[in-house]
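Colleague: Take a look at the following structure, please.
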């Protein structure tokens, strides 16, 4: 196991911080939906978008929540994660989604924008929101809270213990 960061810079996010930033995202989205300011549903991009989506749904009192599972990274076996072509593993309910109008699609981070680019082609009228955004991916997101440099690696609390630990079942 390497002791080096996967990228030049690391930004550690605590549970408290992701909660505060996700609430800030909800406040920014409040009263901006197409139905008199309301949104009809929240769709989380799994897995990273699940915690922010839960918080946004709670804050905006949105009861219809679904997920879309997109894979665009491959764990590099102790090396930095490697990008690969994005593909949908599980889509949200088709009747709910239509072209995406009135739906908030939430993720934790837009990095290269490849995941959001794929999902946007499927649901062009959805509103895409992330908590954090890197410059390369910013054009793919409609609303975000905090910008971070492209060379910053974000360590989310669901990936961390006192030090990084691999998931019990391994990778991918």
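Glycine is no exception: its Cβ is also placed from the backbone N, Cα and C atoms.
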Colleague: Given that Swiss-Prot annotates 47, 48, 107, 108, 109, 110, 111, 112, 113, 114, 115 as 5-phospho-alpha-D-ribose 1-diphosphate-binding, name the residue from 23, 28, 63, 84 that shares the site.
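Modeller: The candidate from 23, 28, 63, 84 that Swiss-Prot ties to 5-phospho-alpha-D-ribose 1-diphosphate along with 47, 48, 107, 108, 109, 110, 111, 112, 113, 114, 115 is 84.
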Colleague: Would you measure the largest Cα separation among 47, 48, 84, 107, 108, 109, 110, 111, 112, 113, 114, 115 for the 5-phospho-alpha-D-ribose 1-diphosphate site and round it to whole Å?
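Modeller: Value for the max Cα separation, rounded to a whole number: 19 Å.
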Colleague: Cα-Cα separation of residue 114 (5-phospho-alpha-D-ribose 1-diphosphate binding site) and residue 153 (GMP binding site), in Å?
Modeller: 17
Colleague: Whole-number Å distance between the CA of residue 115 (GMP binding site) and the CA of residue 108 (5-phospho-alpha-D-ribose 1-diphosphate binding site)?
Modeller: 12
Colleague: Within a 10 Å radius of its Cβ, which of these binding-site residues (110, 154) has the fewest neighbouring Cβ atoms?
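Modeller: Counting other Cβ atoms within 10 Å of each of the binding-site residues 110, 154 gives the minimum at 154.
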Colleague: Cβ distance under 8 Å to residue 108 (5-phospho-alpha-D-ribose 1-diphosphate binding site), same chain, sequence separation 6 or more: which residues?
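Modeller: In sequence order, the residues whose Cβ lies under 8 Å from that of residue 108 (5-phospho-alpha-D-ribose 1-diphosphate binding site) (at least 6 apart) are 18, 48, 49, 51, 52, 130, 131, 132, 154, 156.
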Colleague: Would you find the one among the binding-site residues 47, 84, 114 whose Cβ has the most company, meaning other Cβ atoms within 10 Å?
Modeller: 114
